[in-house]
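Here is the structure we will look at, set down as structure tokens.
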Amino acid sequence: MTVTGIVAEFNPFHNGHKYLLEQAQGIKVIAMSGNFMQRGEPAIVDKWTRAQMALENGADLVIELPFLVSVQSADYFASGAVSILARLGVDNLCFGTEEMLDYDRIGDIYVNKKEEMEAFLKKQSDSLSYPQKTQAMWQEFAGIAFSGQTPNHILGLAYTKAASQNGIRLNPIQRQGAGYHSSEKTEIFASATSLRKHQSDRFFVEKGMPNSDLFLNSPQVVWQDYFSLLKYQIMTHSDLTQIYQVNEEIANRIKSQIRYVETVDELVDKVATKRYTKARIRRLLTYILINAVESPIPNAIHVLGFTQKGQQHLKSVKKSVDIVTRIGSQTWDSLTQRADSVYQMGNANIAEQTWGRIPFHQSVSQSDL
């Protein structure tokens, strides 16, 4: 049977995600970000809730991406996630895209010209942001001309690179409805951005997602809920360059601005430059918030939930993969667990995120109905 992998954040889970799961074939394995997102922000609702949303709408198995895979630039995010999916026996990668590029051809180009392409990246001016360098690389070697500002394009190309190195087939699905960052109130296929922005509009949320009651009744957070803690971390840390990926230039810019801003958005606006994108600055601020340092990615895979079909698939791979289903005496990843502890501080009603939690079990798979 086909085992389809999907890399996701589900922040929050919406009708577009449900559509993607409906288009996917076979056993559907989701590699999902934990409580902090790829672009450097806390999830609006916690990872367990988002995993439940997915399992109630077609997913068979949801595993958690470690913190230092979740909160990364597109290439590292995709590479880390796809390598984990490959270990779980995934042979097909499904992802949404705004434009149906010839991803198979693009993957072949990368396989055949990987060294040249990586060398091209390294030669690009340091004044360019990483997305700008990546765009130039794809333009040079694959003739792809696009703005480079569409996250699903950038991620789609990153997935293509990662899948080509793991022998995984690609299954791009045309994205339905609103664009990735659209805040418009398109009711059927609203974007995650729009649902977060208009979360107080119950009618809109109910139209835009299949699990609206679960979402609306769950404790929610935004970046600003952590601003006081972030400010404390910045002002009291003796050397911010000890934090993961924070260099002296960025450390100085953050230190010099933190006293004069009242929101995370203001701080990001003050610190970001052409070279250091807002997404990169948010990731760095997330690292500072968590007090993250460079750490090895855990070999074990943490399971957030499954259907009966997903549980059977886990049993078929457990001899070759170290699986963690309960964190207690058995630890997993200390940095992810620290991130979970910080995440809980954003809302007193958030349930325990680590200790003693067991996978959510969806008794009936949507594909069996």
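Each Cβ is built from the backbone N, Cα and C atoms, and glycine gets one as well.
Listed in Swiss-Prot for this protein:
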type: BINDING; residues: 7-20, Gly96, Asn152, Arg175; note: ATP binding site
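Location within the structure of each feature annotated in Swiss-Prot.
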residue	record	Cβ contacts under 8 Å, 6 or more apart
Val7	ATP binding site	Ile30, Ala31, Met32, Leu65, Phe77, Ala78, Ala81, Val82, Leu85, Leu93, Phe95, Leu155, Tyr159
Phe10	ATP binding site	His17, Met32, Arg50, Met53, Ala54, Ala192
Phe13	ATP binding site	Arg50, Met53, Ala54, Asn57, Met209, Pro210, Asn211, Phe215
Tyr19	ATP binding site	Ile173, Gln176, Phe189
For Gly16 (ATP binding site), the number of other Cβ atoms found within 10 Å of its own Cβ: 22
DSSP three-state assignment (helix, strand or coil) for Val7 (ATP binding site): strand
